[in-house]
Amino acid sequence: MAGAPQTSLEKEKELAALAAVKYVHDGQVIGLGTGSSAFYAIRAIGTLVRTGCRIRAVATSVRTGELAREAGIPLIDINTIDEIDLTIDGADEFTPDLMLIKGGGGALLREKIVASLTREQVIITDSTKRVDRLGHFPLPVEVIPFAARYVQKELARLGGTGKLRSKDNGVYHTDQGNYILDVDWGLIDNPRALAEQLNRIEGIACHGLFIDLTTRVLMGKGERVMVFEGGPAK
Ligand SMILES: O=C(CO)[C@H](O)[C@H](O)COP(=O)(O)O
């Protein structure tokens, strides 16, 4: 992030973010993602705004809203629009066929709603996020607090071990006041089938499998940016 000397992974995130910001056009509604990669995109979009680009944006978290305001990006209420032109967000893992795990930063519910309203979803990552199969990263599952134990039991029935996320010696709360279970499944054989099973469990507000929502992934790798559009990288 800003201020500290930049590591090579931070450089990769920034390169990917700068490449993604080239897709931003005057007049668009932009979805702003959450996390350390999205931070670089927000900063670069702020520069565009200061040089005259007229966009409006929707933030995927309270933190992102604060960063956007600091950067001078005009924010709008998501309930005043029917569509988002472009969203730039990060991911915890992605496969070359554009399936993602998201939610490491806890913003998965708003991120999925924003992604669902978005015409063009550009994901930006460093080179550690590309995998052949999802599941190295525990899958974040956002649950309403009342259902936490029930959902944990249902996840166990499906073969997942869900650990309640904590923060500062207490339970972590999302921006919506929900809990997160970080679920270890081992490597996931069929993310689509798992997503459907999770969609049927009462009390789950959102899970971090993002399928059929991404247009392209821009991955920083050394000094380059690799582009994945549902096939081999370009
Ligand atoms: O899903 C997310 C937040 O809920 C982030 O996009 C994800 O955790 C990646 O973050 P980073 O860019 O910091 O690696």
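Heads up, residue numbers simply count up from 1 along the chain you see.
In case you wondered, yes, glycine gets a Cβ from its N, Cα and C as well.
Keep in mind it's a predicted model, so treat the numbers as computed, not measured.
Feature annotation from TrEMBL assigns substrate binding site to Asp89, Gly90, Ala91, Asp92, Lys102, Gly103, Gly104, Gly105, Lys129. Residues annotated as active site, proton acceptor in TrEMBL: Glu111.
Features as recorded by TrEMBL, highlighted on the structure.
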| residue | record | CB count, 10 Å |
| --- | --- | --- |
| Asp89 | substrate binding site | 31 |
| Ala91 | substrate binding site | 27 |
| Lys102 | substrate binding site | 31 |
| Gly104 | substrate binding site | 21 |
| Glu111 | active site, proton acceptor | 31 |
| Lys129 | substrate binding site | 25 |
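Distance noted between the C-alpha atoms of Lys102 (substrate binding site) and Glu111 (active site, proton acceptor) is 9 Å.
Counting only the Cα atoms, the space from Glu111 (active site, proton acceptor) to Gly104 (substrate binding site) is about 11 angstrom. Checked against ligand 1, the binding-site residues Lys102, Gly104, Lys129 give Lys102, Gly104 as the ones with a Cβ under 6 Å from it, listed in sequence order. Same-chain neighbours of the substrate site beyond Asp89, Gly90, Ala91, Asp92, Lys102, Gly103, Gly104, Gly105, Lys129, judged by a C-beta within 8 angstroms of the site's C-beta center, are, in sequence order, Gly35, Glu93, Leu100, Ile101, Glu111, Gly208. Of all residue pairs in the substrate-binding list (Asp89, Gly90, Ala91, Asp92, Lys102, Gly103, Gly104, Gly105, Lys129), the one with the greatest Cα separation is 14 Å apart. In the three-state DSSP reading, the residue listed as 'active site, proton acceptor' counts as helix.
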